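Participant: The following feature annotations were taken from Swiss-Prot:
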SIGNAL    1-30  signal peptide
TOPO_DOM  31-562  topological domain 'Extracellular'
CARBOHYD  N78  N-linked glycosylation site
CARBOHYD  N177  N-linked glycosylation site
CARBOHYD  N277  N-linked glycosylation site
CARBOHYD  N434  N-linked glycosylation site
TRANSMEM  563-583  transmembrane segment
TOPO_DOM  584-641  topological domain 'Cytoplasmic'
TRANSMEM  642-662  transmembrane segment
TOPO_DOM  663-858  topological domain 'Extracellular'
CARBOHYD  N687  N-linked glycosylation site
CARBOHYD  N715  N-linked glycosylation site
CARBOHYD  N762  N-linked glycosylation site
TRANSMEM  859-879  transmembrane segment
TOPO_DOM  880-947  topological domain 'Cytoplasmic'
Amino acid sequence: MILMNPKTSKILWLLGFLSLLSSFSLEIAAQTTQNINVLFINEVDNEPAAKAVEVVLTYLKKNIRYGLSVQLDSIEANKSDAKVLLEAICNKYATSIEKKQTPHLILDTTKSGIASETVKSFTQALGLPTISASYGQQGDLRQWRDLDEAKQKYLLQVMPPADIIPEAIRSIVIHMNITNAAILYDDSFVMDHKYKSLLQNIQTRHVITAIAKDGKREREEQIEKLRNLDINNFFILGTLQSIRMVLESVKPAYFERNFAWHAITQNEGEISSQRDNATIMFMKPMAYTQYRDRLGLLRTTYNLNEEPQLSSAFYFDLALRSFLTIKEMLQSGAWPKDMEYLNCDDFQGGNTPQRNLDLRDYFTKITEPTSYGTFDLVTQSTQPFNGHSFMKFEMDINVLQIRGGSSVNSKSIGKWISGLNSELIVKDEEQMKNLTADTVYRIFTVVQAPFIMRDETAPKGYKGYCIDLINEIAAIVHFDYTIQEVEDGKFGNMDENGQWNGIVKKLMDKQADIGLGSMSVMAEREIVIDFTVPYYDLVGITIMMQRPSSPSSLFKFLTVLETNVWLCILAAYFFTSFLMWIFDRWSPYSYQNNREKYKDDEEKREFNLKECLWFCMTSLTPQGGGEAPKNLSGRLVAATWWLFGFIIIASYTANLAAFLTVSRLDTPVESLDDLAKQYKILYAPLNGSSAMTYFERMSNIEQMFYEIWKDLSLNDSLTAVERSKLAVWDYPVSDKYTKMWQAMQEAKLPATLDEAVARVRNSTAATGFAFLGDATDIRYLQLTNCDLQVVGEEFSRKPYAIAVQQGSHLKDQFNNAILTLLNKRQLEKLKEKWWKNDEALAKCDKPEDQSDGISIQNIGGVFIVIFVGIGMACITLVFEYWWYRYRKNPRIIDVAEANAERSNAADHPGKLVDGVILGHSGEKFEKSKAALRPRFNQYPATFKPRF
């Protein structure tokens, strides 16, 4: 017998009581514990889901307060063979039926693709209550589309965080107005179903592609290909390791201001990279403060450490919530007692068991605390649950600057709360703008004044109507651009093999974003590229020719006759004048030799040499020469001169009139028909231009109609009646364009506009050339050059528009901008600037018209003749006055001097000394007086010498 200490006995009694109490509690708990059967289907590589479900089971065992025991059967689903997976599921399900352990719930954590759709098909066909964490929004789960109302209550889907996080890209694109984007993702995200829905109804050109896994070189090539698609906004969805690999594969030049990089991850760490200079936007999840303690407990106590924490916490909370939902339904009596379970082999396509099971209602009402974020579940029965339910959490937005291979600065500038169409919450808008890539578009153009002209002093090296237009559009749409000329100088034409050149080819090859210039909208171009609304009026083809001009001359009247003719006329004038003087001097019947005979005539005209010159000159004028010589021989000479002068004057007058009017009477080419009918002037458009295409196609169309006519006319199978009906159709098809196209080919099409202008300017009367081209180009050349003119009316009119890539978002943006400028009359101001106020416009003389009179440029020489004649007369007057005033006059002598001189005259008869005639008396003296008298008649009476 053992004696106990009373104190020891008391302790033993207390321990026994506690043991009994514990056993009683366990027995009570065992009686209230709810057992449920769950079939867990998970993909092979979805470790966070597998680990989370395992932790849930441990968590429930250690927390008996839940009163829940889960009998879990697991299936690892392969992602490539639906048949194998379906057999595995059916076998597991059949076994549970045999054991009478049919699953209350199918917990599906397959992600997407074959595995997910196989599970959805299985559960939908057999009517099994399912809670799925598969990826996809409404309509993405093909096997769960168009569910009836009953199935919508027990086939539920909650989107995992990795399916919600890509929606942040949509929010960023909208907030920052991004027009292009490349989205690279790794295996931690599933994007197959996001291609159409992610940026739907947003004017953002984007590419979604998986990150190249082969190596750094492959990733570099991948990024280079994306750059060739003219993308400068990059989004990286992946683990921190994947983000680092991509960043280290990027060329340093791609971190400049015209590029933007965004890294988005499910992990909570920091980015490490060997980049020397990079600034990126970094988004990572951030647990709500109120849940951090619970998450820490799960990580430390229950070993919920699988990365990423966000996914692990989601799967944990989803599994726990799902199990508690089944428990609540079972204990509340909401679970049907006569659940029918159909084996896979018994399913015949339309015998799915009918369920009266509202799993959705109980699932949304569970109030169990979460470990990372709350569940945002659709509670309204009228709204779809699947594709709209998810876990709500925050993503922190950071500006991350990497210098020298490490993050030197990380600043939080906002946050994004997970959701569909959730907006960014930005704290620092200025920093957010700095993360935006400068939108720079590549423009290719063709120099064509006044639309595009080179100017080294201009900001972009070019000026013109289109440069001003694109600058106005850029101010509205907010972008920058680079501009360069296309190598071949062509807007774009398609050859016989369907190959394009010029700007069109650049746009098709994605080497250009915008085609700018005087580019016509053509049907075949619209097949491969897009055009904006027209920014200019309809422009057709017209004709440019050299302006006809006759050289003007002040002495035009002298050019009527050639120099040799003028010299001959002058020689005839002097010869006739000299001959008339000789005849008058030697003819015994002339006035000077018969003064007594003609002393009573009113006209006493002595034809000395001076008088003969005057007579012949005045005879050529309407005034006439005056009195003719008295002798017959002189009159014959005068008559001959008059006849000669009449013929010369008549010929001169006729030629002068012809010279002044013939240039204005030439019939010019006034239309395309006139050009086609003549053969003197060659004509052609630019090689490869739209005008060339027009004439070539018109020629081909005429040829096609000719072939049709020929086939009908020469068809021997036609009956006489049928042939008679075609009798009126002899040859109604015009060959106008066929002949014109042949003439153009013979004339050789110019390669450039400068060559065409040079050929027009070098045109002569024998080898003329006319250029056919766009009316705007030709009209501008006319405005800037006085030797060119526009001929005829425009034809084949087409609008000018800006070209963009087919399907480009720029089309709608530019359309809105152009319409805005049109409403503001800004386009009219540009026309005014470049067509009326341009400094390059030439000030040309008014072209001559047939109704205009003779210009001063051609007749002004006669006024010069008048002024020269009047000037010579004035000079002669001065000389006469001088001669009269300062010549040596005869002196007056007295009688004594006269007597002395008379004595001297005897020795020198007939000599004039100091105005006195020295002579002698008698017959000889009288004869001397008679001979010298005419000589002194020219002196005034006061100064006549004394005899």
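Glycine is no exception: its Cβ is also placed from the backbone N, Cα and C atoms.
I'm curious about the neighbourhood of these features; can you describe it?
Facilitator: The Cβ of N78 (N-linked glycosylation site) lies under 8 Å from the Cβ of V44, V84, L85, A115, each on the same chain and at least six residues away in sequence.
Close to N177 (N-linked glycosylation site) in the fold, though at least 6 residues off in sequence, lie H478, each with a CB less than 8 Å from its CB.
Taken residue by residue with DSSP, N277 (N-linked glycosylation site) is part of a strand. For N277 (N-linked glycosylation site), the number of other Cβ atoms no farther than 10 Å from its own Cβ, over all displayed protein chains, is 11.
The number of other Cβ atoms within 10 Å of the Cβ belonging to N434 (N-linked glycosylation site), over all protein chains shown, comes to 14.
Proximity of distant same-chain residues to the transmembrane segment (563-583), defined by a Cβ-Cβ separation under 8 Å and at least 6 residues beyond the stretch ends, is recorded for 590, 607-609, 611-613, 615-617, 629, 631, 633-634, 637-638, 640-641, 644, 648.
Residue counts for the topological domain 'Cytoplasmic' (584-641) by DSSP state, with H, G and I taken as helix and E and B as strand, are 26 helix, 0 strand, 32 coil.
DSSP classifies N687 (N-linked glycosylation site) as coil under the three-state reduction. Under 8 Å, Cβ to Cβ, and six or more positions away along its own chain, N687 (N-linked glycosylation site) finds L749, P750, A751.
Counting every protein chain shown, the Cβ of N715 (N-linked glycosylation site) has 11 other Cβ atoms within 10 Å.
Annotation note: N762 (N-linked glycosylation site) sits in a coil segment as assigned by DSSP. In sequence order, F769 constitute the residues six or more apart from N762 (N-linked glycosylation site) in its chain with CB-CB distances below 8 Å.
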Participant: Helix, strand or coil by DSSP: which one applies to N434 (N-linked glycosylation site)?
Facilitator: helix
Participant: On the 0 to 100 pLDDT scale, where does the topological domain 'Cytoplasmic' (880-947) sit on average?
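Facilitator: The average pLDDT of the model in the topological domain 'Cytoplasmic' (880-947) works out to 54.
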Participant: Rounded to the nearest angstrom, how far is the Cα of N277 (N-linked glycosylation site) from the Cα of N434 (N-linked glycosylation site)?
Facilitator: 15
Participant: Could you state the CA-to-CA distance between N277 (N-linked glycosylation site) and N715 (N-linked glycosylation site) to the nearest Å?
Facilitator: 80
